[in-house]
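As given in TrEMBL:
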{"type": "DOMAIN", "residues": "1-496", "note": "domain 'Cytochrome oxidase subunit I profile'"}
{"type": "TRANSMEM", "residues": "28-46", "note": "transmembrane segment"}
{"type": "TRANSMEM", "residues": "152-170", "note": "transmembrane segment"}
{"type": "TRANSMEM", "residues": "182-203", "note": "transmembrane segment"}
{"type": "TRANSMEM", "residues": "224-250", "note": "transmembrane segment"}
{"type": "TRANSMEM", "residues": "282-299", "note": "transmembrane segment"}
{"type": "TRANSMEM", "residues": "311-331", "note": "transmembrane segment"}
{"type": "TRANSMEM", "residues": "343-363", "note": "transmembrane segment"}
{"type": "TRANSMEM", "residues": "375-396", "note": "transmembrane segment"}
{"type": "TRANSMEM", "residues": "408-435", "note": "transmembrane segment"}
Amino acid sequence: LLFGGFANFLIPYHVGSKDVAYPRLNSIGFWIQPCGFILLAKIGFLRPQFWRYYDKTAFSFNLLEKLKFYKTKPFNNDMLLYVNYLKDTTINNNYIIWKARKNLSDLSYDSFNFTPIKLFFWNNIINYPESFWYASSRVLKSRRKKIFVSKCSARTLVTAGWTFITPFSSNLKYTGVGSQDILILSVIFAGVSTTISFTNLLITRRTLSMPGIRHRRVLLPFISIGLFLALRMLAIITPVLAAAMIMMILDRHWQTTFFEYAYGGDPILSQHLFWFFGHPEVYVLIIPTFGFINMIIPHNNTRRVASKHHMIWAIYVMSYMGFLVWGHHMYLVGLDHRSRTMYSTITIMISMPATIKVVNWTLSLVNGALKIDLPLLFSFSFLFLFLVAGFTGMWLSHVSLNVSMHDTFYVVAHFHIMLSGFAMVGIFSGFYYYFNALFGIKYSRIFGYLHLLYYSGGQWITFTPQFYLGFSGMPRRIHDYPIVFMGWQSMSTTGH
């Protein structure tokens, strides 16, 4: 949402346009986003209730061949349809009650019970249902059902976590009709809003650029390059997440089995789809912040950023490689060892463009006349958080170390220093940098410095102890902890 605001404000200005290509469509995309937020907030106000669900018992839809039918007839209590006109055995026209039809004295062979005359004499070969929709309804109604009534009413309020882990998210047995469905719908709403926004902004860049920008004779500002790269990444990964959410809701309510292992599905497929979205999404969030830092450091240092073309190529390489490493979130789900080696190698290689950026930022500060200002101090905080997040990520990229650190507080600390750490600090630096242009007034220096002190200090005090908790073996996602972890836990709570 924040980068959407910056993109709507900066991209038309930087490409030389008065507005985006489709302003009304842009407004529609903006107002769809609160629908997802409101649905998400609705989860907190759901009431517990009793509910029931049906298991996905496999049903047999035998081909309508007489040979197969007679083989299974003595054992088939849920036969699809049995029509034998010579024996006058059929069902009545209301399709509800099964019973034999009475003998008719005046029998017309032109049409019988809406059955074409050409198929009337085929009853020795096949059992012919009168319509496809009737056959489909009989297949669904003839399933052997087990009805479970849950006495744990809180299941309607349970979700399978923010990663939508299967089979908990795709089966009503684990998450009742309620919170999980609302969560899936809110993600779909957010995806629709995102799709409208990035389509609009990319078309703006393509069709409304001034001549110098259009043929790349003039280099765009760093922030616009980062935003366009993030928008292109969103165009690739958003449909994948939408497909996963739709498949999940079909599994929950329409008896499909995309993610049901017992019926031919694959629960690991869900993780592949989610993390193919989830890992590039991290780069969608952090690449625009690189653009902010690339603009703030030269502005406050009175000299150009070192090797600007290498800085641009670094974020391009980082984004391209980001599509190839989603498997490092899945080292322990049973991946082939060769696949894990490939994911680990490419993940380690991503540190190379990140190192290029850090080295160039450092060189940009050499022999410069620094003007200390709030955006620059946020940029320094960004650099320190970025270094720590990158170094701790190197531990997790190796398969052998990841096995010991997986699902511990070490992962929590790394992830949050990445996103709530330097990604948010980068957003704040850009916010203060463009504050005057956005609002036409100057920000309060006192509250700005307090913001920097409290936020950066809170990040370090909250998440540094969690690295030691992870080294000590404390698992994540638990509601309580042993007393031996009280010291680090108290320190982390103080920072929070």
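Cβ from N, Cα, C; glycine included.
Just so you know, TrEMBL annotations never went through curation; they're auto-generated.
Computed from a predicted structure; not experimentally measured.
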Of the stretches 182-203, 282-299, 343-363, 408-435, which racks up the most C-beta pairs under 8 Å with the transmembrane segment (28-46)?
182-203
Considering the transmembrane segment (224-250), which listed stretch of 282-299, 311-331, 408-435 counts the most C-beta pairs under 8 Å:
282-299
In the same chain, who gets a Cβ under 8 Å from the transmembrane segment (182-203) while lying at least 6 residues past its ends?
4, 7-8, 11, 20-22, 25-26, 28-30, 32-33, 35-37, 39-40, 42-43, 46, 159, 164, 169, 227-228, 231-232, 234-235, 238-239, 241-242, 245-246, 248-249
